[in-house]
Amino acid sequence: MAMNSRPLGGISSLTALFCATATILSLICAPVAARSGYTGLQNGFYSRSCPDVEKIIYESMYESFKKDNSVAPGVLRLAYHDCFVRGCDASVLLAGSNTERANLINTGLHGFPAVEAAKAAVEKACPGVVSCADVLQYAVRDTVILTGGQSWTVPAGRRDGRVSLSSEVPENLMTPDKKVPVLLQAFQKKGLNAAQMVALAGSHTIGKAPCLTIDNRLWTYDSPSKVDPTLPASFAKTLKKKCPAAGLTTPIDLEVVTPTKFDTQYYKNIKNSLGLLTSDQSMWEDSRTKGEVVSNINSHTFSSNFAKAMIAMSKIDVLTGNSGEIRRVCSVVN
């Protein structure tokens, strides 16, 4: 799907189209079975209480994306940073001097206004019904669609948390200089396996990162040349031009070939030693993840793997039933 296209009939028609025509998505479109610890989430959770919620959110995200396509990678990152700290409870959306979003690691997070706009649109139609946690999960699915990626069915029924602490961020979020052993341990603590980690890393097919994230690979690596030896010489030369030693805040595309398209080029780059981040390229060096990188080069395989991994991540430590609350505004508790 082209980045500026707008599916007719909103998200419901588009989801139906995927389910009807793509065999590879049959598992994604099927009902989600409850897993231990994740009871309370279900497909079509708002079918009676707010039947147009997905259409409303999609239309809002479309408008935000049309104004600024960086909304897509921004919201994707919000979802990851939300779910890995306190679970998928929209705690990352809470504003304040000591909240998660105030932590230095989260300084570059963006996409908040787009999520707030989607929530406001939902509130007009169904006040006090749909949680910010669910709005974020629907929104992240929609941003993938808007960048040419696949759809999936989002199980819902999450409630919003009332606590957000900056101090909890460092222990739960990994920095891009980490390699597979450390990364995999962090993902396993959240109930995710190596295959799911590699699939989720595919979100790096869009978006940018500050040059600071690769400074150690270009200028301060522990080698005679001070350059990461896994970088091809020509690629290192190109990156140095884009990221001079003094340009730590300069943004650089995470995937340099098709940086605004949700595709499998990210994995092709890793296979060719063109992964930008240490965390990306290390997946080719580790036997536990190398095969998954190869598998995800196939677009149908990646579509299925990414969707299922996103669903799995969206179930991490969720609040359901009477836990938490349904925030009226995502940045503040009721």
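Including glycine, each Cβ sits where the backbone N, Cα and C put it.
According to TrEMBL, the protein carries these features:
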- 1-34: signal peptide (SIGNAL)
- 40-334: domain 'Plant heme peroxidase family profile' (DOMAIN)
- CYS50-CYS126: disulfide bond (DISULFID)
- ARG77: site 'Transition state stabilizer' (SITE)
- HIS81: active site, proton acceptor (ACT_SITE)
- ASP82, VAL85, GLY87, ASP89, SER91, GLU100: Ca(2+) 1 binding site (BINDING)
- CYS83-CYS88: disulfide bond (DISULFID)
- CYS132-CYS330: disulfide bond (DISULFID)
- HIS204: heme b binding site (BINDING)
- THR205, THR258, ASP263: Ca(2+) 2 binding site (BINDING)
- CYS211-CYS243: disulfide bond (DISULFID)
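Location within the structure of each feature annotated in TrEMBL.
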{"residue": "CYS50", "record": "disulfide bond", "DSSP class": "coil"}
{"residue": "ASP82", "record": "Ca(2+) 1 binding site", "DSSP class": "helix"}
{"residue": "GLY87", "record": "Ca(2+) 1 binding site", "DSSP class": "coil"}
{"residue": "GLU100", "record": "Ca(2+) 1 binding site", "DSSP class": "helix"}
{"residue": "CYS211", "record": "disulfide bond", "DSSP class": "helix"}
{"residue": "THR258", "record": "Ca(2+) 2 binding site", "DSSP class": "coil"}
{"residue": "CYS330", "record": "disulfide bond", "DSSP class": "coil"}
Stretch-averaged pLDDT - the domain 'Plant heme peroxidase family profile' (40-334): 97
Chain-internal residues, separated by at least six, CB under 8 A from THR205 (Ca(2+) 2 binding site): LEU254, GLU255, THR258, LYS261, PHE262, ASP263, THR264, GLN265, TYR266
Cβ-centroid neighbours of Ca(2+) 1 site ASP82, VAL85, GLY87, ASP89, SER91, GLU100, 8 Å, sequence order: HIS81, CYS83, PHE84, ARG86, CYS88, ALA90, VAL92, GLY161, SER164
In the chain carrying ASP82 (Ca(2+) 1 binding site), residues 6 or more apart in sequence that have Cβ under 8 angstroms from it: CYS88, ASP89, ALA90, SER91, VAL92, LEU93, ALA133, LEU136
Pairwise CA distance, ARG77 (site 'Transition state stabilizer') versus HIS204 (heme b binding site), rounded so that it is a whole Å: 9
CYS330 (disulfide bond) versus GLU100 (Ca(2+) 1 binding site) - Cα distance in angstrom: 14
Disulfide-bonded residues compared (CYS83, CYS126, CYS211, CYS243) - highest count of Cβ atoms within 10 Å: CYS83
